[in-house]
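The compositional bias 'Basic residues' annotation in TrEMBL covers 1-11. The compositional bias 'Gly residues' annotation in TrEMBL covers 34-44, 232-244. The domain 'PDZ' annotation in TrEMBL covers 137-204. The annotation region 'Disordered' is assigned in TrEMBL to 1-55, 229-248.
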Amino acid sequence: MPLGLGRRKKASPLVENEEAEPIRAGLNVPGMDGLDGGGLGLGEGTTQEGLPPPPTSLRPRLIFHTQLAHGSPTGRIEGFSNVRELYTKIGEAFGIAPPEVMFCTLNTHKVDMDKLLGGQIGLEDFIFAHIKGQRKEVEVFKGEDALGLTITDNGAGYAFIKRIREGSVVHQIQVINVGDMIESINGHSLIGCRHYEVAKMLKELPKGKDFILKMVEPLKAFDMISQRSGGARAGSGTQLGTGKGTLRLRSKGPATVEELPSAFEEKAIEKVDDLLESYMGIRDSELAATMVELGKDKKNPDEFAEALDETLGDFAFPDEFVFDVWGAIGDAKVGRL
């Protein structure tokens, strides 16, 4: 509706004596030889309208290598189409319950939010799984309107801290760190909540009052114990894979091998992700990519708003945010970003 109106067989999965090396992605699919620049994504979406998913025998067989971030042998995983299935495969490889996996990073074992696994995995990326570590309870005094937190989620029911703004209320509390999963606020469980729901709840907490955060931090290796933020834009992890080719994970339908984002898409996605943080206190590159995909071919902001309502209506984006996103996509098209 127009803007301005109210809207709504297997080998062992562990490789005992293998070094952490780039993924060997076995694409035994006709016509996919020499694939360069495609990828796999774990996001929301469906298969192309009118076309059923290909039979299992004709789908690409993609094998990824993984380790537990705090240290483990190398495991091999395959046959997943979304984040929940990925966590299940990781659990099977290492003999742990899938809910123990908090989030994954690509090509680094550190809690580096710029390497967070989102909706896409490069075909040569190495997956590090961060599992639950120490639980902690913190009493926080909300002395300002903004706490200084940016929230994201893992797509499987856990919301966690992606950034802590320097000098903010939370920045003064040393026991709260980037990567901490927010388990509850004042006794209200947040398991199963999306990032925007958690950010809204934190924003609505009354100023001048104390509140209780229960959190779980990721289990850390010895060289990560002193780490505090890990939220800087510059990457610091060792690059084990080039990421050529992308697997896109989907909540509905099979995962698909896709081309890497174009320069326009990369710029637009980054800007939309910045707008999500500014307006809603969240970062979600897959959500940003979905918005760019919805908007790049629309002729005007009203068409874009209708597409957002149809696909992402649960977010109830304000009109001013939609206008800014439309402008960011347009600026990226003409190279103004």
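Residue numbers in this text run from 1 along the chain shown.
Glycine is no exception: its Cβ is also placed from the backbone N, Cα and C atoms.
The DSSP breakdown of the domain 'PDZ' (137-204) into helical (H, G, I), extended (E, B) and coil residues amounts to 13 helix, 23 strand, 32 coil. Per-residue pLDDT, averaged over the domain 'PDZ' (137-204), rounds to 93.
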